[in-house]
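Peer 1: Just passing along the structure, written as structure tokens.
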Amino acid sequence: MNTRADVVVVGAGPAGSAAAAWAARAGRDVVVVDAAQFPRDKACGDGLTPRAVAELQRLGMASWLDTRIRHHGLRMSGFGADVEIPWPGPSFPATSSAVPRTELDDRIRSVAADDGAKMMLGTKVVDVTHDSSGRVDAVVLDDGNTVGCAQLIVADGARSTLGRVLGRTWHRETVYGVAIRGYIASPRASEPWITSHLELRSPEGKVLPGYGWMFPLGNGEVNIGVGALATAKRPADAALRPLMSYYADLRREEWGLVGEPRAGLSALLPMGGAVSGVAGPNWMLIGDAAACVNPLNGEGIDYGLETGRLAAELMTSGGVTDYSSAWPTLLQEHYARGFSVARRLALLLTLPRFLQVTGPVAMRSATLMTIAVRVMGNLVTDEDADWIARVWRTAGLASRRIDQRVPFS
């Protein structure tokens with residue numbers, strides 16, 4: 001059976017469901033299509049930064065968030081030092097959270113459904129059709145049926161199968177991430193701090209360009225994981241599952257870990273807007289599909305929620321009829337400066353000696369680590385007037401001017 005909607009959203013994760021909710025609230029007839037049945041799991045650290053918390057509050061989820069664990073900031077460990085940094089930045093809530101993706105994604109999807117978006121779950125989009133002017137006029141499902149649309153939002157994740165059909169290209173000369181996470185029982189599962197171990201070593205003792213994490217979930221378990229940065233020239237030199245098991249053994253006594261990590265899932269993450277082909281006449285890529293992932297920590301939920309809202313606003317504003325250049329331009333206005341300088345810093349971390357030399361120095365400076373937490377947490381806005389924000393924006397402008405490939409191009 002074929003159907004039709006004003007807006008079709010492919011993907012019911014945080015980005016797609018946020019876009020669907022905002023578009024439905026603007027009066028659009030919305031259909032969300034996802035290959036999975038919900039609830040479903042997703043490879044993720046489950047962390048919700050203060051910026052992500054702010055977006056969830058915009059969606060009306062404040063009361064739901066109040067029932068979840070709250071974290072005051074980030075505890076960082078490594079190179080012989082430990083430091084706790086409260087979440088900085090004047091423009092966002094003072095706390096973060098962590099919610100398993102089986103719960104978070106289904107909750108945001110339910111918000112979109114309550115707002116009027118229709119759900120087609122367990123249904124995969126495999127292709128699109130175009131009208132005579134080149135606009136997408138329908139998505140093709142794996143059973144051969146179609147869903148017609150006036151506008152299309154693609155939020156099908158980092159690999160973005162539909163994005164590739166539409167012409168998305170991933171440029172691997174900048175950094176990308178590889179990561180794995182699991183869940184493990186710990187008596188510290190209700191701690192009000194998330195922990196990152198910045199001195200991530202392989203079982204052979206080699207310092208890796210990445211970090212390990214322990215994110216308390218408040219349910220008796222922590223999200224445990226490891227992630228590493230890589231480039232086409234310097235691919236990740238680590239087998240992820242053995243590395244996570246080794247990391248768990250290192251943390252076992254300190255965290256009272258019980259058993260082995262369960263439900264291990266890994267991911268490959270394009271980062272920092274390292275894709276082109278993110279829009280066409282009546283379609284846009286958002287969230288992970290548009291490589292909206294922080295190059296310094298692999299976080300993407302806040303960008304997914306934001307780009308979902310921004311895409312819906314662009315679609316429903318009535319002022320733009322062709323998104324081919326409007327959407328990349330909007331993404332660049334919001335994220336290109338930060339992504340550009342973050343990609344350069346992350347690239348330095350892939351150099352074998354850089355982290356070993358700079359890590360011990362940085363970890364002994366509360367000022368440097370406060371700056372690091374703020375930029376890693378995406379906690380700088382254009383409205384912030386303090387010196388850290390001004391320096392970060394200036395560095396982003398300078399970095400963008402010398403980019404061989406600007407983010408999203």
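From the backbone N, Cα and C atoms, a Cβ is placed for every residue, glycine too.
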Peer 1: To which of Val125, Val126, Val128 does Swiss-Prot also attribute binding of FAD at the site defined by Gly11, Ala12, Gly13, Pro14, Ala15, Cys44, Gly45, Asp46, Gly47, Arg101, Asp288, Gly300, Ile301?
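Peer 2: As annotated by Swiss-Prot, Gly11, Ala12, Gly13, Pro14, Ala15, Cys44, Gly45, Asp46, Gly47, Arg101, Asp288, Gly300, Ile301 share the FAD site with Val125, chosen from Val125, Val126, Val128.
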Peer 1: Do you know which of the binding-site residues Ala15, Val125 has the most other C-beta atoms within 10 angstroms of its C-beta?
Peer 2: Ala15
Peer 1: Per the record, FAD is bound by Gly11, Ala12, Gly13, Pro14, Ala15, Cys44, Gly45, Asp46, Gly47, Arg101, Val125, Asp288, Gly300, Ile301: how many Å separate the farthest pair of Cα atoms?
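Peer 2: Site span for FAD, by Cα atoms: 29 Å.
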Peer 1: Translate the DSSP assignment of Ala15 (FAD binding site) into the three-state scheme.
Peer 2: helix
Peer 1: Of these binding-site residues, Gly11, Gly47, Gly300, which scores lowest on Cβ atoms within 10 Å?
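Peer 2: Sparsest of the binding-site residues Gly11, Gly47, Gly300 by Cβ contacts within 10 Å: Gly47.
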Peer 1: I'd like to know which of the binding-site residues Gly13, Gly45 has the most other Cβ atoms within 10 Å of its Cβ.
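Peer 2: Answer returned by the neighbour count: Gly13.
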